[in-house]
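Let me begin by presenting the structure, written as structure tokens, before commenting on it.
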Amino acid sequence: MPSYTVTVATGSQWFAGTDDYVYVTLVGTEKCSEKTLLDKPLYNDFERGAVDSYDINVTEDLGDIELVKIEKRKYWMQDDWYCKYITVKTPAGDYIEFPCFRWVTDDKEIILRDGRARLPQNDKTRVAKQHRRKELELRQKVYRWREWHPGFPMSIDANTHKELPRDIQFDSEKGIDFVLNYSKAIENLYVNRFMHMFQSSWNDFADFERIFVRISNTISEYVMQHWQEDFMFGYQFLNGCNPVMMQKSTKIPDNFPVTSAMVESCLERDLTLEEEVKAGNIYIADYAIMEGISPNSTDPCTLQYLAAPICMLYKNVQNKILPIAIQLGQTPGEDNPIFLPTDDKYDWLLAKIWVRSSDFHVHQTVTHLLRTHLISEVFGIAMFRQLPAVHPAFKLLLPHIRFTIAINTKAREQLICECGLFDKANGTGGGGHVELVQKSMKTFTYKSLCFPEAIKARGLESEEELPYYYYRDDGLRVWKAVQSFVTDIVSIYYSSDETVQDDEEIQAFVKDVCSFGIRFPLNEFPKSLKTREQLIEYLTTVIFTASAQHASINFGQYDWCSWIPNSPPTMRKAPPTKKGTVTVQHIIESLPDRGRSCWHLGAVWALSQFQENELFLGMYPDEHFTEKPAKAAMEKFRKKLTEITSFIKSRNEGKKLPYYYLSPDRIPNSVAV
């Protein structure tokens, strides 16, 4: 009588063990085994982290094992059970791996294919094709598109974290409770003692130090000490929290009438402003997207204001980036003066503060929320809807959308919803953040997510012309490493461009993103992929956006935004319309009050923390790929990432402002915070 040995590995997640009945069925090319009860609850198998083996005797040879079916039935109480994988030893002594890495919930059956990745055109048997089709039909019922706000990328059809499919929920909802995390951060930072004075102003700049937690040798302390300096202001356009706003100027903008005479004292090469532009030394940061956005009006006792500034930056002879002109509105005129470094000290300082505040809003809502969180969710939903677990692209992308849909759902539930936490301290709360996303979506393109293309589009690709732009340099290193890894994986499964064209599932995936996830006619997202090169770029973009890009603009928030005058989350006085009227007291009364400062500090602290048990780029403990070539590609990827990490660590030694946000050992695999 032939005998198969079935080995079951249980995960270490919280509700990993089960006291329910677990059955298994082996489906072969010839026959199916009878449904077999693997164990009885009172024997207490399937403990957290356990690996249990069982012998299954069959009367006839089953042929090649194609599928394994797992079914869990209630015993006394319904338990969720996390199954890592199942291995089947055949009568001939061969071992077949069936990756699972899923929750088995309720009285439901899960059907597993073996771990070899296959394209749809490679499946020949009726059983394999049918399994593929049924898996996607079920997923499309569970992972449904929904429009959270008009003009937004589509999101998952769920109102709360608990409504999500079990496989994409966090193991513990406490870990992503924004209210809990912000409150805990406020308490840990010892600023809760100021909360009862919510709407009262601080007395002076030094007063902000009362809520500032000093951690020796950190960037945040350096920012506190140097935030008023033009060098620090300019440096942040390169390597701060939002290093995507500056672009090389090819002409002076028509609505920013800066003359050579205005900035003559700032120019160091005996050239006119126009000549400096031609020489490639003038840069512009334009916050036009902020024009017309509604300021937060949720608190009738505190008026809040926004601005849409334009800032001109100059690369001096030491290759430092310095501000040389700031206009706080988009329309030039007498009531919209151009502020200069030669103006009164406090006029110039307040103009820079207004730019920093506008930069904060664009960073939080566009660079961070829209261009990493929301777009990664679109990729994730489309992946679940169109790629079965056996598809190589599913295996490749799954670690990079881990917990993304969950964190976004929780954010819609608590953070960016009406009357959510975002309203408490942010000048774009109360709906302005929604308007910003809607406005940004009108110009959002696929190519702007491709890192090298985005850098080139802003004219900043030359390391020789613009040194010390570590965001660009490290980003390109990581992009190339990811691209090389994706190339290796694609080369294993796609032998030609025709193979890509014939893959109906990958084509459905990109079409779902374009036609349903984004839905804007000018977004330029591909509707189909014709070549392996296009597929490699697409998959690289998905992975890089969710990992490196998110890390680069998320985990520096406490470093750069905890010193509140450097990144005010709101402003309580309107932008000045005349020069010579600004005093220190006016600036203090413009900056956030005590309560909003505390909420802001708690937020940037909480958002800058890694998740518990974080998985960083290249870490793939769940072995969805079982083939040796794919595992070799992963090992090669990890080796390259280690080299990049070592290079960055070496470069940062002795620097007062080290740049480490794109060091691979600090880049989580996915958007999960």
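Any Cβ shown, glycine's included, is placed from N, Cα and C.
What TrEMBL says about this one:
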BINDING   GLY17, ASP79, ASP80  Ca(2+) 1 binding site
BINDING   ASP39  Ca(2+) 2 binding site
BINDING   HIS368, HIS373, HIS550  Fe cation binding site
DOMAIN    2-118  domain 'PLAT'
DOMAIN    118-673  domain 'Lipoxygenase'
SITE      TRP103  site 'Essential for stabilizing binding to COTL1'
Restricting to the binding-site residues ASP80, HIS368, HIS373, which ones have a CA within 10 Å of the CA of TRP103 (site 'Essential for stabilizing binding to COTL1')?
ASP80
Quick one: of ASP39, ASP79, ASP80, which binding-site residues lie within 10 angstroms of HIS373 (Fe cation binding site), measuring between C-alpha atoms? Sequence order, please.
none
List the other residues in this chain whose Cβ sits within 8 Å of the Cβ centroid of the Fe cation site residues HIS368, HIS373, HIS550, in sequence order.
THR367, LEU369, ARG371, THR372, SER376, GLN549, ILE553, ASN554, VAL671
Counting by DSSP, what is the helix, strand and coil composition of the domain 'PLAT' (2-118)?
3 helix, 61 strand, 53 coil
Give me the non-local Cβ neighbours of HIS550 (Fe cation binding site): same chain, 6+ apart in sequence, Cβ-Cβ under 8 Å, ordered along the sequence.
HIS368, THR372, HIS373, SER376, PRO668, SER670, VAL671
I need the CA-to-CA distance for ASP39 (Ca(2+) 2 binding site) versus ASP79 (Ca(2+) 1 binding site), whole Å please.
15
